[in-house]
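Feature annotations, reproduced from Swiss-Prot:
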- 38-215: domain 'BPL/LPL catalytic' (DOMAIN)
- R76, G77, G78, K79, I80, T81, W82, H83, A145, I146, G147, G158, F159, A160: substrate binding site (BINDING)
- K142: site 'Lowers pKa of active site Cys' (SITE)
- C176: active site, acyl-thioester intermediate (ACT_SITE)
Amino acid sequence: MTGSIRSKLSAIDVRQLGTVDYRTAWQLQRELADARVAGGADTLLLLEHPAVYTAGRRTETHERPIDGTPVVDTDRGGKITWHGPGQLVGYPIIGLAEPLDVVNYVRRLEESLIQVCADLGLHAGRVDGRSGVWLPGRPARKVAAIGVRVSRATTLHGFALNCDCDLAAFTAIVPCGISDAAVTSLSAELGRTVTVDEVRATVAAAVCAALDGVLPVGDRVPSHAVPSPL
């Protein structure tokens, strides 16, 4: 998995945004994807959302909020998750090189966030059969979720890194459809407040490095993580 996964050589346009409504950001992604297909730049959006539940194409009825809380149904992969204040969301709008390798792309996103955790002193990694970034334990704890879509060789949607968000928001759903694992945050793991602003620049640099092959993908599986199929 060395070398760039991108079809363009020019630098990724990193846009550090503030708090953006989910539907507004989704429309911006589509516009940037259209521009990328027409020959425009690769873009990385980094932002926060107001509190919202979003459901991927594989979400089942019993995984939705039991109290009837509204959910935005999306065209990304994966199942239901929560976005909100204290969570850094990243949307890479990237033209992928041929031959397309979506698994490779997801692994690079994971690697970038694993590196961010390492820079903060956390030994994170992967759990076999499950996307995202995990901390070891019984159960394993997910600190970052990933759900993507690739259309016309261009990526949409992306990742969400829990910094200092309210983890209680995840209790109303079955996060990512996984009932035998937990959700955590950088702040909960480190015992101090880790804000979104603290990690913005580090995340941007790591994602760009991973997509360009400067940060190689390693075989990082936390010890004591319990793999099980989706």
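Even glycines carry a Cβ here, placed using N, Cα and C.
Distribution of Swiss-Prot features across the structure.
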| residue | record | DSSP (3 states) |
| --- | --- | --- |
| R76 | substrate binding site | coil |
| W82 | substrate binding site | strand |
| K142 | site 'Lowers pKa of active site Cys' | strand |
| G147 | substrate binding site | strand |
| F159 | substrate binding site | strand |
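Separating the Cα atoms of R76 (substrate binding site) and K142 (site 'Lowers pKa of active site Cys') is a whole-number distance of 19 Å.
Taking the Cα atom of each, K142 (site 'Lowers pKa of active site Cys') and W82 (substrate binding site) are about 13 angstrom apart.
Counted within 10 Å of its Cβ, the other Cβ atoms near W82 (substrate binding site) come to 27, all protein chains included. Around G78 (substrate binding site), a 10 Å sphere centred on its CB holds 23 further CB atoms from the protein chains shown.
The Cβ neighbour count for G147 (substrate binding site), using a 10 Å radius and every protein chain shown, is 25. K142 (site 'Lowers pKa of active site Cys') counts 26 other C-beta atoms within 10 Å of its own C-beta, drawing on all protein chains shown. Binding residues for substrate (R76, G77, G78, K79, I80, T81, W82, H83, A145, I146, G147, G158, F159, A160) extend across at most 16 Å, taking the greatest CA-CA distance.
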